[in-house]
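Annotated features, as they stand in TrEMBL:
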type	residues	note
DOMAIN	1-90	domain 'CARD'
REPEAT	609-650	repeat 'WD'
REPEAT	651-692	repeat 'WD'
REPEAT	693-736	repeat 'WD'
REPEAT	737-778	repeat 'WD'
REPEAT	876-908	repeat 'WD'
REPEAT	1000-1032	repeat 'WD'
REPEAT	1041-1081	repeat 'WD'
REPEAT	1082-1123	repeat 'WD'
REPEAT	1124-1165	repeat 'WD'
Amino acid sequence: MDAKSRTCLIRHRQALEKDIKTSYIMDCMVSDQVLTLQEEEKVKQQNTQKERAAMLIDTLLKKDNNAYRSFYNALLHEGYRDLAALLQDGIPVFSSGNGKNSMDEMTSYVKTTLCEGGVPQRPVVFVTRPKLVDAIKQKLCSLGSDPGWVTVYGMAGCGKTVLTAEALRDHQLLEGYFPGGVHWISVGKQDKAGLLIKLQNLCSRLEHDSTLSQRPPLNIEEAKDRLRLLMLRKYPRSLLVLDDIWDSWVLKAFDNQCQVLITSRDRSVTDAVSGNKYEIHVESGLTHEKGLEVLALFVNMKISELPEQANCIIRECKGSPLVISLIGALLRDFPSRWEYYLKQLQNKQFKRIRKSSSYDYEALDEAMSISVEQLSNDLKDYYKDLSILPKDVKVPTKVLCILWDMETEEVEDILQEFVNKSLLFCDRNGNSFHYYLHDLQLDFLTEKNRNQLQELHKNIVNQYKRYYKLHVPVLSQEDCMYWYNFLAYHMAGANMQKELRDLMFSLDWIKAKTELVGPAHLIHEYVEYSSVLDQKDSIIRENFQEFLSLNGHLLGRQPFPDITQLGLCQPETSEVYQQAKLRAQRETGTFYLEWINKKSLKNLSRLVVRPHRDAVYHACFSRDRQRIASCGADKTLQVFKAESGERLLEISAHDDEILCCTFSADDKYVATCSADKKVKIWNSRTGKCLYVYEEHTEQVNCCQFNNRRGQYLLATCSDDTFIKLWNLKDRYCRNTMFGHVNAVSHCRFSPNDDYIASCSTDGTVKLWDVHSANELKTIEIKEFFRNADEQQDDVEVLVKCCSWSRSSDTILVVAKNKLLLFDVTTCNLLTQVIISHHSTIQYCDFCAGDELVAVALSHCSVELWNIKSLSKVADCRGHMSWVHCVTFSSDGSLFLTSSEDQTIRIWETNKVCKSSDAVLKSELDVVFHNGEVMILAIYNQKHIQLINGNTDSIIIQTEPQESLICCCCLSEDLKFAAFGQENGVIKVLQLLDGKVLTSREAYRTSVQHCRFTTDCQTLISSAHDAVIQVWNWQLNECVFLRGHKEAIKDFAFLENSKLLSWSFDGTVKVWNITTGITEKDFACHRGAVLSCAVSPDGSRFSSTSADKTAKIWSFESSSVLHELKGHEACVRCSAFSPSNKLLATGDDKGDIRIWDILTGELLHFCSSVTVDEGEPTHGGWVTDLSFSPDSKMLVSSGGYLKWWDVTTGESLQTFYTNGTNLKSIHVSPNFEVYVTVDNLGILYVLRKL
């Protein structure tokens, strides 16, 4: 050793002896072959930790420079960075004159790079396989500087990991090709939660020296983005190593245009990712000679000195490195037992662990049993405890510390015994250790201890409860994710019914778990463990499962909603509501709302999932109803469980929007078609792409499999006007069907597979013979939309889709707003239904039984019609935007809908058909009078309803009107009501008996607004024109307010018979409603004036505009006092505070700003801190604002309702309505009752708790 190195070691000897633990440090040094096993044993024989450290340093001082370097790197690897820093100045330099090429050695640079990257060290016993190592290096060099994938594949246990790590021990390779470093992550078999943990750990490791501490990513997509930025900015030209990849979907999370090396059993695992690809195959077994070499190294003998039994053992081990290592580890401890272990392998007929085992190692379970039998009795007990570990999960040391009630070091020492005997595997991630069993080892233990599994599960649960008591783990604790993912699994395994119910029926647990891993896993657990949860009754479990199924799409994304507030929206009989009410009463400082009229609302959806990040164009059930496939604008194909929404596959399937997907008749395949002109066939279980068809020349709109099992025919149609028929066994299409003269939007096989029907924008439906591909019939749909005076060519009809009856005798066709049913044989029209006058039909599907038809509409809803009685039997509302698709399950018991709002809803057909929810228009009027909440609403566009908001009872409902009702209003004394209609008529009602007192044909266009004056004798109204009418309905006298040049936006009352109006012409006017004279005229904005508000003292008013500004004006001087700039979108609403000091403004981006009205200064910006995936803060436009009487709180409406702290600008509470686009919020004078209607027509009367 150099004098400088020796001096440095002696100088810092005292600090080293005080702190280091020698066991793991010596492991590293033995691996580097600078410390012998005999020297290691000599150190271990010392009595105390300090004596062992002193002996190790004495041994080091007798060695060379390599020993110093190895000791330094071992300190780094084991987390002693401060001590390693003390030795840094003494690191000896490499000498180029020693006859060795420094590039071929394990240089300090290589060791540091690999150690920091988490690359596994060489096993204590290592034999080189130079051809394979060189092949891996060569493929890595072939990547150059381009992104791509190197796959090292072969059977489990063949040495892929060891060979990959060895290839990276090359100075020239690392310095020349990967100067950014190497980042190793052991992946293994993972579910989504496990993969997220891996990604969180990797991001944390890569950010370790970052000045800003970031929270862990909360979902895989966020983790992927974080990793992409880290690799691009902090670690360019680095290598990412993914060890032990089992599933192709896992690679999606790492598909970030970087350089990746993976080890896997599956050669095709990279088929689903992009970039250059290279492969190296590792033979499944060692050669006989290499096997002998491994045994020789274990027992520290030359090959020539091995006994004859060695050859027999190698043959019995089938050349498996894993099995040879197991036997070699035993022989190292008992070198005289060659004959004994050979006989154990030859004669013991152990029961096969799994008859259908995918592992090809006949000797593995035998070697397992032998290894376990050699353990001491106490170690056998500890090893037995591992029987209940979940499969394919790497368990943090902390979990086993809790299980065994031991210190970390004690647990690691026990586990290291198992690792040394190849009975357990260790994944070292920086300073933390994770342990896992090979799944055959786990199966072996499970089978062996089957009668004790329940007690073992009970033990780990009891230890968890003892450790955490009433608390739950937090994310900063390394064992946190394990308990959230598997605590319920252990409780169910122990049949601990009470504990499992207490856990899974806890809103605290639901909140914590969904925020960490999303809702799907928890829904899956409700289904998986229902037999334990339902031992008393199933009602409570069903309450929680329904709550999560319908709100999980909110709970799993940011900003995380208040789970107590969500729970308060459940039915009062629900256990979820009862818990939420108790929580709300305990949390006295928090603002909560009771939805007091929710009794009338029934949740018709069974499950709501949000699998995509953009519009969902199509979704369908598998034939067995267990899975759902979906696709959309985000270019991905998703496959998930129909019961829970748990994601099974996520595939970036196309280069453009995916327009349709379909399962084959046996559910084996999924087909997709896209705007990229391609059709692809996928294995529905593995996600592997099997075929790509590229014969269409325009976007492919629809794909459908035939209905017979085993005969895989696929029909596709395109904007290129062709329908193509593909046989999956052939690369090219079987037939091309010509005939349409415009884009073909949809195609479907008849249930008997004899025909294909196609729908086109040319206004026709064509029927084709499947066997000959000949056109059989054409139905001119345009004929049924032509008026008497129109020529056929003048009519444009886009035929959207069609659906066959189960008998194949009739076909249902959708165009514009009509359903048309045709006889297939005669092409005669059997019946037609006009579904809606205000919406177009997007999709339709026949239910099994041929009576029920589901239609998806552009105005957010889905309707179910009985095609025989021509009656609507259900109206399914819940989506917040266009519904693109609706499809039934094969038995008709369920149907699903997919929408522009990124969600898919699953509905139960029978449950939906029994419901008849009222639908209200968003225009309503509310009077708060003596504690009563009286609401005037428009019901189903034809009726006026007077509703008592406190009791949710309908006091009056009018007969249906001859024209649709557009607006309504109440008089303050609650004696009269008025409403305006689409035909321009205004009517006044007497509320005592609902009798129409008078009416007036006021406008030629639909009435937009009407309001009573305070004396209730005059009604002021506006329509889609520039005139306001002031109608004294009792005297039947009318004054016309003319002056605006464009349509009136709205108006508000001022004192002394004055009226303030604002218009799309950019002006605001003050009128005398008695004389009809304009008293003041304000040219306010270049764009339309969208709202005005009047200050409490009547001296000022505000105006907001589409020009993205708001202004404060003086009535007295008719001048602008302040122009409020800063909004980035149309400013849609404003409100003065009762204190007359503040003005709040809201815009179409979802932002709210609070201003000082005296100075025009911006005081606060109301916005949530984090918003998921770029969504607006408010879920859309801010449409209305209202201050509390003390001016300390503000309520806003938009996509949902939000309450704000005016002083800080922070959100106090959010109420998520079932629908969206709330146009207004009516607030009681004491700021305790709030009334609004969403775009689904659902009324909300909310009271502050």
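Placed from the backbone N, Cα and C atoms, the Cβ positions cover glycine too.
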Residue numbers, six or more beyond the limits of the repeat 'WD' (1000-1032), whose CB comes under 8 Å of its CB atoms: 964, 966-973, 975-976, 978-988, 1038-1048, 1050-1051, 1053, 1059, 1061, 1063, 1065, 1071, 1073, 1076
Long-range neighbours of the repeat 'WD' (1041-1081), counting only residues six or more past its ends (CB under 8 A): 1008-1009, 1011, 1013-1014, 1018, 1020, 1022-1030, 1087-1094, 1098, 1101, 1103, 1105, 1113, 1115, 1118
For the domain 'CARD' (1-90), residues assigned helix / strand / coil by DSSP: 70 helix, 0 strand, 20 coil
Leading contact stretch, 693-736, 876-908, 1082-1123, 1124-1165 vs the repeat 'WD' (609-650) - CB distance under 8 Å: 876-908
Non-local residues, at least 6 beyond the ends, that sit with Cβ under 8 Å of the repeat 'WD' (1124-1165): 1087, 1090-1097, 1100, 1102-1106, 1108-1112, 1176-1191, 1194, 1196, 1198-1199, 1204, 1206-1209
Surrounding residues of the repeat 'WD' (1082-1123) on its own chain - C-beta under 8 Å, 6+ positions past either end: 1046, 1049-1050, 1052, 1054-1055, 1060, 1062-1070, 1129-1136, 1138, 1140, 1143, 1145, 1147, 1155, 1157, 1159-1160
DSSP-assigned states of the repeat 'WD' (651-692) in counts, ordered helix, strand, coil: 0 helix, 23 strand, 19 coil
Confidence summary (mean pLDDT) of the repeat 'WD' (737-778): 93
DSSP helix/strand/coil residue counts for the repeat 'WD' (609-650): 0 helix, 23 strand, 19 coil
Residue counts (helix, strand, coil, in that order) that DSSP gives for the repeat 'WD' (737-778): 0 helix, 23 strand, 19 coil
Residue counts (helix, strand, coil, in that order) that DSSP gives for the repeat 'WD' (876-908): 0 helix, 19 strand, 14 coil
The repeat 'WD' (1124-1165) - residue tally per DSSP class, helix then strand then coil: 0 helix, 22 strand, 20 coil
Within the repeat 'WD' (1000-1032), residues counted as helix, strand or coil by DSSP: 0 helix, 20 strand, 13 coil
